[in-house]
Amino acid sequence: MAELDADLDRIIPSSVLPPFWAKLVVGFVSLVCFARSYDGDFVFDDSEAIINNKDLRAETPLGDLWHHDFWGSRLSSNTSHKSYRPLTVLTFRINYYLSGGFHPMSFHVINILLHGGISVLMVDVFSVLLGGLQYTSRGRRLNLAPRSSLLAALLFATHPVHTECVAGVVGRADLLGALFFLLSFLGYCKAFRESNKERTHSTFWVLLSILLGAVAMLCKEQGITVLGLNAVFDILVIGKLNVLEMVQKVLHKDKSLENIGMLRNGGLLFRMTLLASGGAGVLYMRWKIMGTGPPAFTEVDNPASFADSMLVRAINYNYYYSLNAWLLLCPWWLCFDWSMGCVPLIKSAGDWRVTAPAALWLCLIGLICQALCSEDNHKRRILTLGLGFLIIPFLPASNLFFRVGFVVAERVLYLPSAGFCMLLTFGFGALSKHTKKKKLIAGVVLGILFINILRCMIRSGEWRNEEELFRSALSVCPLNAKVHYNVGKNLADKGHQTAAVRYYRQAVRLNPKYVHAMNNLGNILKERNELQEAEELLSLAVQIQPDFAAAWMNLGIVQNSLKRFEAAEQSYRTAIKHRRKYPDCYYNLGRLYADLNRHVDALNAWRNATVLKPEHSLAWNNMIILLDNTGNLAQAEAVGREALELIPNDHSLMFSLANVLGKSQKYKESEALFLKAIKAHPNAASYHGNLAVLYHRWGHLSLAKKHYEISLQLDPTASGTKENYGLLRRKLEQMQKKDV
């Protein structure tokens, strides 16, 4: 049994040590932590990655997944984020197919189960990292650290920083990446099942490990870093290389360097060559697939990377590292987004926050010194592997090799947290060894696990819907403009415009260049008829971002309302220039032309809208109504029939076509459409009123009277219906007098 396990003897009870029970406990606890999120909504990035992602739908060819990014955009596009995760998107597509649509429960359940499976696998991974790799004569791997591997796995399973990955459906990329990362590592360990008999390895398992690493990368970019961890593990555990001794021999020009010969005989160089060449090949293919190079992020995404001074960049990057370390150490202040002013830049050495990276590096240097200089081989191995697991998977998010699109992201800590849990377990073992208060340490461990479970459950509840998620961030990141923007957007979607305006204004105040907040605020002000301020905001938005098509269109709507028709037309045209396939903009352009009595231009604009979006009901309706009003009944009827073929259940189209058919004296067909529209929307006063007019013309006066009365009950203020009803009553009275 490993030395660390002996130190934890009084902390972990022996009754849960059998492998099956250990894994069962870890799996159960991991499910309990995040079970509250099982019936949550799609929140935050889920909208773009799932609901608005056409790659999930059956009509999109499966082959397109290999040419699109995580969000469904073509990788060759300049606007693509280059997040290439086709296998993750494939699981979303399968989820969508099996659940029969966008039902979030099935998506959440899969995420929770994935985390449970990963936590169970962690028991095996930690048993190797903490206890070493040893097989029986039958090739069965021994668990030499049952207590410490169980504790580390429990710490991992219950860490609150994982909530974003588990409770947010988009976090499946990190979960799948971690799953294949661990499988790759365990596969690499299997390459040495016969090493007890002779210093050999299985090339098959090494190659399979590289393949699983590539699969992990196709789920999440971090996955490829498993090859680095495998290399460190091979050097330290299989090769038993003492780095400090090696450095000393080199410095003293010791010609013997026995270790080098031993490692070469053991096949280490061959395995390192396989890992390096495999990793380089996979990365090269990944780079080729990206097409146009790295993604283009903005300053608000990662302000430190845009700083002019290299010193300022270095200080802030290190401050970001310290924030990540703090989230691992004290995961109480969690936020769905850490950008847009949440973490202000450190611009001078006088900023007190520079103490945080100093403290971080002090701790890291201390651990590294212990990992290199300790005379205890067991301690040296655990600390080195723990630091390796902590640092290596984090490297893609470190800004060292390329700019990333975030300041801090809790999701990227999913794998590095395993290294943290390993180091924490080692720390508890060291404390237990050097103190007699074993029960106190056991109480601390249980307390940490209980608090973590409680925090996971609370945080999972916050991820169940956007309102709670966004509001939870206000206390953590009050300076984050995106937090205020999302709270405002959520309120606006629920119809609370006054409250939404307040949060949008705060978002613009915190970030005066936040064009999306300006656009949404301008929209609300437009609806509230505060047109002057709306125009100012939208004009500023397009000035800051000239290719912001949505803001150009909304500016055109405001200018149209202000009777500035030429400016409105120019704004619509600019929007279409920046987004050629923009059906809503063509629709609004058609409305402008209709107001100007440019009927042919209006019809052409609406036709463009329906070509780009065949289900654009408003554009179809406006074409029917305009043709009806201009006396082109035959053309209006043709357009109406075409529209209903494409959107057969749209009651507004039924109503418009029924009006046309009634005027064309096709009463029976018109009646059928009116009744169908009323069945779909029984409380529409105009539907009953126009059906009454049809019956009035047709001579079915009793039915006309019935529907006039229903219409007036629904809308007593309808003057046209009142007038027609009065005419009908007089006619009925005259008929009664004649009968008498």
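Every residue gets a Cβ built from N, Cα and C, even glycine.
Listed in TrEMBL:
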TRANSMEM  20-38  transmembrane segment
TRANSMEM  112-132  transmembrane segment
TRANSMEM  144-163  transmembrane segment
TRANSMEM  169-189  transmembrane segment
TRANSMEM  201-218  transmembrane segment
TRANSMEM  224-247  transmembrane segment
DOMAIN    293-365  domain 'DUF1736'
TRANSMEM  354-373  transmembrane segment
TRANSMEM  385-406  transmembrane segment
TRANSMEM  412-431  transmembrane segment
TRANSMEM  440-458  transmembrane segment
REPEAT    481-514  repeat 'TPR'
REPEAT    515-548  repeat 'TPR'
REPEAT    549-582  repeat 'TPR'
REPEAT    583-616  repeat 'TPR'
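With a cut-off of 8 Å between Cβ atoms, the residues of this chain six or more beyond the transmembrane segment (144-163) that come close are 1-2, 4-5, 8-9, 11-12, 16-17, 19, 22, 25-27, 29-30, 33-34, 37, 115-116, 119-120, 122-124, 126-127, 130-132, 134, 327-328, 331-332, 334, 410, 413-414, 417-418, 421-422, 424-426, 428-429, 445, 448-449, 452-453, 455-456, 459-460, 463. In summary, the transmembrane segment (20-38) does not lie against the transmembrane segment (412-431): fewer than three C-beta pairs, each 6 or more positions apart in sequence, are under 8 Å.
Residues of the same chain lying 6 or more positions beyond the ends of the transmembrane segment (412-431) and with a Cβ under 8 Å from any Cβ of it are 4, 7-8, 11, 122, 125-126, 129-130, 148, 151-153, 155-156, 159, 161-162, 165, 171, 174-175, 177-178, 181, 222, 225, 324, 327-329, 367, 379, 382-383, 385-391, 393-394, 396-397, 441, 444-445.
Under the criterion of 3 or more C-beta pairs below 8 Å, with sequence separation of 6 or more, the transmembrane segment (169-189) and the transmembrane segment (440-458) do not qualify as touching, having fewer than 3 such pairs. Sequence-remote contacts of a segment are chain residues at least 6 beyond its ends whose Cβ falls under 8 Å from one of its Cβ atoms, and for the transmembrane segment (112-132) they are 1-2, 4-5, 19, 22-23, 26-27, 29-31, 34-35, 37-38, 141-146, 148-150, 152-153, 156-157, 162, 165-166, 172, 175-176, 178-179, 182-183, 185-186, 189, 233, 237, 381-382, 385-386, 389, 418, 421-422, 425-426. Within the model, the repeat 'TPR' (583-616) carries an average pLDDT of 95.
For the transmembrane segment (440-458), the list of distant contacts is 10-11, 29, 32-36, 151, 154-155, 158-160, 162-163, 331-332, 428, 431-432: same-chain residues at least six beyond its ends, Cβ to Cβ under 8 Å. Nonlocal intrachain contacts for the transmembrane segment (201-218), taken as residues 6+ away from its ends with a CB within less than 8 angstroms of a stretch CB, comprise 84-88, 176-181, 183-185, 187-188, 190-195, 224, 226-227, 230, 238, 267, 271, 274-275, 278-279, 282, 286. Sequence-distant contacts of the repeat 'TPR' (549-582), counting only residues of its own chain at least 6 positions beyond either end whose CB sits under 8 Å from a CB of the stretch, comprise 515, 518-519, 522-523, 526, 531, 534-535, 538-539, 541-542, 588-589, 591-592, 595-596, 612. Same-chain residues lying 6+ beyond the ends of the transmembrane segment (385-406) with a Cβ under 8 Å from its Cβ atoms: 81, 129, 181, 221-222, 225-226, 228-229, 232-233, 236-237, 294-295, 297, 301-302, 304-305, 313, 317, 320-321, 324, 338-339, 364, 367-368, 371, 412-413, 415-416, 418-420, 422-423, 426. Summarised by DSSP class, the composition of the repeat 'TPR' (583-616) is 27 helix, 0 strand, 7 coil. Across the repeat 'TPR' (549-582), DSSP classifies residues as 27 helix, 0 strand, 7 coil. Helix, strand and coil content of the repeat 'TPR' (515-548), in residues and according to DSSP, is 27 helix, 0 strand, 7 coil.
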